[in-house]
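Only one structure is covered here, and it is reproduced in the block below.
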Amino acid sequence: MSALTRFAQSRLAWTLLLLTAVGLEACALFFQHVMKLDPCVMCIYQRLAVLGVLTAGLIGVVGHQFRLLRFLGVLLWGVSAAWGLKLALELVEMQTNPSPFSTCSFLPEFPEWMPLHEWFPSVFLPTGMCTDIPWEMFGITMSQWMVVAFSTYLIALVVFIVPALMPTKKA
């Protein structure tokens, strides 16, 4: 367990978390702006959850030697990944069992003091419908891939949560 503990407390582990989230955000923006796939409001919320994981990775990269910062990073990682998984599962349900009575809103419901869709419309303004399935890879939809991504984040969290929060041994 000491090798896992050292890895979980290392800058490399947090950098990998950060880079995977950056990769997901880059893919989302590529799909939106290059492939011209319109994101729905649930996609925008998932994008925000990935930004939470990205921020957790950044906190871990900067403060991997400090237990409090590792704790904050792990907490944000867990909350963001769990929220993202919940959203992805809801979107899969909307897409596999579309109902005229269950639709998503046209605008995201951000707090009044933080209207991200107005400040950064090219990133946070939804233009698509939740029931549309604009892209698949290997017969798996984008929302199903996000279930895989957020589940992987949660599994990795469980694997690393205990060693990441242990005190750092100073030599």
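Residue 1 is the first one shown; counting continues down the chain.
Each residue, glycine too, has its Cβ placed from N, Cα and C.
Model, not experiment: these values are computed from the prediction.
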- Topology question: in Swiss-Prot, are S2 and S99 both on one face of the membrane? no
- Query: Which cysteine out of C43, C130 is the one Swiss-Prot pairs with C104 in a disulfide?
  - Reply: C130
- Query: Which one is it, C27, C40, that Swiss-Prot ties to C43 with a disulfide?
  - Reply: C40
- Item | Folded-back contacts onto the topological domain 'Periplasmic' (31-48), same chain, C-beta under 8 angstroms, at least six residues removed | 25, 84, 87-88, 90-91, 94, 104-108, 116-117, 122-130, 132, 134-135, 142-143, 146, 150
- Do you know offhand how many angstrom separate C130 (disulfide bond) and C40 (disulfide bond) by C-alpha? 5
- Message: Restricting to the chain of C104 (disulfide bond) and a gap of 6 or more, list residues whose Cβ falls under 8 Å of its Cβ, or answer none.
- Response: C40, V41, M42, M94, M129, C130
- the topological domain 'Periplasmic' (90-144): mean pLDDT? 83
- Query: Per DSSP, what is the residue tally for the topological domain 'Periplasmic' (31-48) in helix, strand and coil?
  - Reply: 11 helix, 0 strand, 7 coil
